[in-house]
Amino acid sequence: MGGGGNLVDGVRRWLFFQRRPSSSSSSNNHDQIQNPPTVSNPNDDEDLKKLTDPSKLRQIKVQQRNHLPMEKKGIPNAEFFTEYGEANRYQIQEVVGKGSYGVVGSAIDTHTGERVAIKKINDVFDHISDATRILREIKLLRLLLHPDVVEIKHIMLPPSRREFRDVYVVFELMESDLHQVIKANDDLTPEHHQFFLYQLLRGLKYVHAANVFHRDLKPKNILANADCKLKICDFGLARVSFNDAPTAIFWTDYVATRWYRAPELCGSFFSKYTPAIDIWSVGCIFAEMLLGKPLFPGKNVVHQLDIMTDFLGTPPPEAISKIRNDKARRYLGNMRKKQPVPFSKKFPKADPSALRLLERLIAFDPKDRPSAEEALADPYFNGLSSKVREPSTQPISKLEFEFERKKLTKDDIRELIYREILEYHPQMLEEYLRGGNQLSFMYPSGVDRFRRQFAHLEENQGPGGRSNALQRQHASLPRERVPASKNETVEERSNDIERRTTAAVASTLDSPKASQQAEGTENGGGGGYSARNLMKSSSISGSKCIGVQSKTNIEDSIVEEQDETVAVKVASLHNS
């Protein structure tokens, strides 16, 4: 496998010796591969619910599915998963989600009777960037064991170590997501708001304690059940910071849905990231619970900054200096003075203590936002918050994410994903760590059987079931990208436009000098930083203008790019 293979084999040998019992090993050595950290007793969540008044914290409405018998769907008796002699484990029921990455089916774990979501990720290794994202997420979800983070139950063993293409991940099945809950429940009580925010902050405290930044928190990435249980999902864009690196780190990709993106990230590929970006996103989600609609539904970078300042007021110079994008920073600096709108006027029915906390969460300056732990100590959570139910953890070991620092081949990533899969197959893992080189297996693989089941489900999914299949009712890894329905939201239409312009954005990534020259010609040498000039920014940012026409409204003419592969091209331009 070349240089990458040496890395993988070396880590594998090292892991074997680390797993051998040793009285001299130190549990405080953070450079060792850490075992999954312990969390609070699962019954703590039951105790948490008892702290609320059951008559007030009623069940929420979630979308219900009609689970028809398999025979009525034209599907024969289910073929069951077989893995190393362990037969009849999962019984596939139906397709509940479908996208360009693969298919999600609901299933029954016949060992426990539990309903699960099984995600088939197609052709994982066609693109190294996608495979790396999948590796990153399954690794993070293995390490971040917490009641408020979605759990991977199992990953199916592939039929061949060196040749597998698809990955099957078994998640706990959640009924809906917070986006759908907010849409379907216009009568959420203050107790609901408090309980939802508490769970988000409790989960985020744990994630941040592991030195992980989620970077894409939004209602669609918060799974929900009718009993008001929330879980954070979709860690494909998350990153880990390490003890030997600065607290604020530069990463060269473009993340976070614009409506929930912190102002210091607006319009920039290259940004300083701190835990405060996740706190801002949680604040926007909390505001959406209170309002019943998004707080900052910006159409583009300029509009996003405008509606933020319309509500929060013009930020002070110190806060403006934190904006990474030069044109956005100058645009804010030249903005007319705006006074903040009182939160009680924007949210007239909200609890005053909730608004005081919200004001801290969405402070324009990141240094003014509390940490998740500090937010949990806010008086808003009096009677609910408890250190016993708010577990922390140790920072994730640097060795777990050594692959992020290397240039890996497809075979390298395949081996690393295989290594992650073995975490759910202890006997095979022991053989692997001893240096076993088994390439194929004696028993029929569950993946082979599942491939046939999914294919049959997809073939028998008629047009009438299409809308159901589009609904997101499962964990990520990664999110689906499907054609939008007629009832799609403004945000979804906007994001679809952004995705369709990916190629155009990539083609405009000329050298800075060429871009500046083109901009100077188009602007006629003007030097002002108006909204139009920001739209035509020559900086390496998400505010690239595609096909600008003079009569086009500025709010419709900025298109941002959210594809990680384009960010990589940007980074290569800077390094060349």
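Including glycine, each Cβ sits where the backbone N, Cα and C put it.
Pulled from Swiss-Prot, these are the features on record:
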type: REGION; residues: 20-50; note: region 'Disordered'
type: COMPBIAS; residues: 28-42; note: compositional bias 'Polar residues'
type: DOMAIN; residues: 90-381; note: domain 'Protein kinase'
type: BINDING; residues: Val96, Gly97, Lys98, Gly99, Ser100, Tyr101, Gly102, Val103, Val104, Lys119; note: ATP binding site
type: ACT_SITE; residues: Asp216; note: active site, proton acceptor
type: MOD_RES; residues: Thr252; note: phosphothreonine
type: MOD_RES; residues: Tyr254; note: phosphotyrosine
type: MOD_RES; residues: Thr257; note: phosphothreonine
type: REGION; residues: 458-535; note: region 'Disordered'
type: COMPBIAS; residues: 477-501; note: compositional bias 'Basic and acidic residues'
type: COMPBIAS; residues: 504-520; note: compositional bias 'Polar residues'
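Features as recorded by Swiss-Prot, highlighted on the structure.
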residue : record                       : DSSP class
Val96   : ATP binding site             : strand
Gly102  : ATP binding site             : strand
Asp216  : active site, proton acceptor : coil
Thr257  : phosphothreonine             : coil
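Put simply, the two farthest-apart Cα atoms among Val96, Gly97, Lys98, Gly99, Ser100, Tyr101, Gly102, Val103, Val104, Lys119, the recorded binders of ATP, are 14 Å from each other. You'll find the Cα of Gly102 (ATP binding site) roughly 22 Å from the Cα of Thr257 (phosphothreonine). Taken as a whole, the domain 'Protein kinase' (90-381) shows an average pLDDT of 90 in this prediction. Ser100 (ATP binding site) and Thr257 (phosphothreonine) have their C-alpha atoms 19 Å apart, to the nearest angstrom. Asp216 (active site, proton acceptor) and Val96 (ATP binding site) are 23 Å apart (CA-CA, integer value). Closest to Thr257 (phosphothreonine) by Cα-Cα distance, out of the recorded positions Lys98, Val104, Asp216, is Asp216.
Counting Cβ atoms from all protein chains shown, Ser100 (ATP binding site) has 10 others lying within 10 Å of its own Cβ. A distance of 21 Å separates the Cα atom of Lys98 (ATP binding site) from that of the residue listed as 'active site, proton acceptor'.
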